[in-house]
Amino acid sequence: MPKHTKKDPREGAPSATGEPQKQAAGRKLFGTDGVRGVANQPPMTPEMALRLGRAIAFVASHGKSRQVRVVIGKDTRLSGYMLETAIASGVCAMGGRVMLSGPIPTPAVAQLTQSMRADAGVVISASHNPYQDNGIKIFGPDGYKLPDTAEEEIERLMESHELDEARVVGAAIGSAVKLDDARGRYVVFCKNTFPTALSLDGVKIVVDAAHGAAYRVAPSVFTELGANVTALGVKPNGRNINRETGALHPEHVKAEVLKRGAAIGIALDGDADRVIMVDERGEVVDGDAIMALCALRMLRTGKLPRNTIVTTVMSNLGLERALKAQSGHVVRTAVGDRYVVEAMRNGGYSFGGEQSGHLIFLDHATTGDGIVAALQVLAIMMEEDKPLSELASKAMQRVPQVLENATFATRLPLDSMQRTRVTVDRIEKTLGDKGRILVRWSGTEPKLRVMVEGEDASTIGAYALEIIEAAKQDVAGASA
């Protein structure tokens, strides 16, 4: 069982245009979720990946006299082969031993790193992004994503001469082996999070693996628990990951659920660290609804530490109201599952997640896990003998929420965007305590994201577009 420490991170939610920028000042390579970019273009080049592999092995070797062990997993992108080889070469060049899992979910790498007592785990994936992109995420020996300080040290090493002075030769050069049982280990891990007293015998389930990392393990997990599984998105070709399928396109799962009369649809993203569900009526159940459903069940059974969950500033106000009505509490963080996990560990909380479908059950896993999350929802359905539609609709009443994105060539600091700030301030005064606004730059894409909540959908939609128009004027003015 993963360990989580206790401190108290209860801190105020960020203001509309003042969300904390979690990326450390001066960092060039690492973003909010590792390194990400267009494959074979800076920074996501094999040259960078090789040096990154060397730096990972160097940092992991601190204080150890034995050979460093590193697990490397990937999703199904064509560029995964290129980057996998480069990172593995870098680790071997520093004397490390590489264990290659092949295509496997991000949470599987975290679990394997911990269970196999490796010194680090590396995931090659750009999550929900198209196949042309790729990324690299790093886990520590405890299965948690590396803290900012460790990433900063790795980046510093990559720019220094220390790595060149630490070369090994002869018999000290490392090696790489394939983990033939990696998928089987992870399937067993997932199944063990489902209560042994329950069964999925005969339950009709539709699973969409987005032609991604879970294309083999996801159908296996649910089938081995007895379910009647219809599998979508299980024919990766290196170029179709996330393409009109998976968590970003639950309409395909919806159609199949209605066609087959399934009890639930489970849509994963490319690396299976997040999930969006569809109930038996074809209604989408997002991360907020899943959190409400699971948190209220944990509250009723006394299994929610401090009656508190952790989520981000993007989660719907309805989630907060649902928890508050049952004497529960919500701690909000900046956007990014790593910051949710950070707050959970610091506060001794066990459950949290994001509206986008990253769901973290620290009693089971160290990071967001779409398959594990789906199993917990299925367990509640079995225990309460109720359909997902009933459970989800009763869990929370959603406040109308609008999300708008705009792509910009220039990324200005939010506090310098005067028209945007004035517009947001005016709308916030109009909304009062009946709504919220959040404006932020994406941590992984060149997009400005605007979220507005309020009682009337058409009104808040107009507000969101008004904010984006103000942002366009700010950027145009700065470029003139």
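A Cβ is built for glycine as well, from the same backbone N, Cα and C atoms used for every other residue.
Per Swiss-Prot, the feature region 'Disordered' maps to 1-41.
Counting only same-chain residues six or more apart in sequence, the Cβ atoms lying under 8 angstroms from the Cβ of Ser127 (phosphoserine) belong to Asp33, Thr106, Gly135, Asp269, Gly270, Asp271, Asp273, Arg274, Thr444. A coil conformation is recorded for Ser127 (phosphoserine) in the three-state DSSP classification, outside any helix or strand. Annotated phosphoserine per Swiss-Prot: Ser127, in sequence order, evidence recorded as sequence analysis.
The active site, phosphoserine intermediate annotation in Swiss-Prot covers Ser127 and rests on sequence analysis.
For Asp271 (Mg(2+) binding site), the Cβ neighbour count at a 10 Å cut-off comes to 35, with all displayed protein chains included. DSSP assigns Asp271 (Mg(2+) binding site) to coil in the three-state reduction, placing it in neither a helix nor a strand. Annotation source Swiss-Prot lists Mg(2+) binding site at Ser127, Asp269, Asp271, Asp273.
Compute the center of the Cβ atoms of Ser127, Asp269, Asp271, Asp273, which mark the site for Mg(2+); besides them, the chain residues with Cβ within 8 Å of that center are Asp75, Pro105, Thr106, Ser125, His128, Gly212, Ala213, Leu268, Gly270, Ala272, Arg274, Gly368, Gly370.
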